[in-house]
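S.K.: One structure, pasted below without further comment.
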């Protein structure tokens, strides 16, 4: 989510954090009680075989870096090299192509690099895709001018699937962009459904919605906040009903406390007061290829953590 620092600070003034918890209230009559230790999520060992026994041979990672240049300075590329995915997708790069750090533009591990930024606002939004092998074709946007000026989508075609990385618009503080977000959800779903008719797809990125109550620490206090409104949640439900699967929930349907975003405010990350906003969504046709869907919650460098998908293609 963009402009989080300001919005989170404003939200705290309202007694709520835009993408986090309501501040703890004083408990009357319970003096001296120790605060409960936070429940942390532990990413289990990677599963590297599909249900039908095929070995994983495609690894994709995705990370909302909350500013590419700052993320590079925070050694984000060290994690990429250690994780060594076949494709790394980045969101909220906030960096014009002319200002990209040499550390990333010259990475020999990923000779095929693709960038999309905002046309109107430099330092806003932006996505990237870095590939070890060259895709058959790469396109930008979803084919609708009203959506394609902010640098939110890159699609790469590979022999057996499409890979789409997206930074979905935030409904924003006060829900001032909620109507736009609802229009986006309809148009983006239609775009994905059209792709799915040609070959199955993987969608990854910051989808700016916590789908169910299990996907954020404080659902009760956030029902009217961006990312957890009924409209945004319903938009994601409709995407799944169109023939797609939330890969993490497919494998871990009851896993709580598994988040990918924590506001910088109020030590939210150390308390694991977070939201699951980052996803790998698959065409149902790719389910037999699914090996694992990972949340790398110990990786630092952004207010989001990276996620990784293992497929047996």
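Including glycine, each Cβ sits where the backbone N, Cα and C put it.
Values in this document were obtained by computation on a predicted structure and should not be read as measured data.
Annotated region 'Disordered' per TrEMBL: 1-52, in sequence order. Positions annotated as Mg(2+) binding site by TrEMBL: 64, 92, 206, 208, 303, 304. Taken from TrEMBL, the feature active site covers 167. Annotated active site, proton donor/acceptor per TrEMBL: 206, in sequence order. Sequence annotations record features per position, and here TrEMBL assigns site 'Transition state stabilizer' to 208. The annotation site 'Important for catalytic activity' is assigned in TrEMBL to 278. The active site, proton acceptor feature in TrEMBL is assigned to 304. Residues or ranges marked as site 'Interaction with DNA substrate' by TrEMBL: 304.
Show me how these features fit into the shown structure, please.
M.R.: Within its own chain, residue 167 (active site) has 64, 91, 92, 125, 126, 127, 151, 152, 153, 205, 206, 208 as residues 6 or more apart in sequence whose C-beta sits under 8 angstroms from its own.
Other Cβ atoms within 10 Å of the Cβ of residue 206 (Mg(2+) binding site), summed over all protein chains shown, number 28.
Spatially close to residue 278 (site 'Important for catalytic activity') yet at least six residues away along the chain are 62, 63, 64, 204, 205, 206, 207, 260, 261, 304, 305, 307, judged by Cβ distances under 8 angstroms.
Around residue 304 (Mg(2+) binding site), a 10 Å sphere centred on its CB holds 25 further CB atoms from the protein chains shown.
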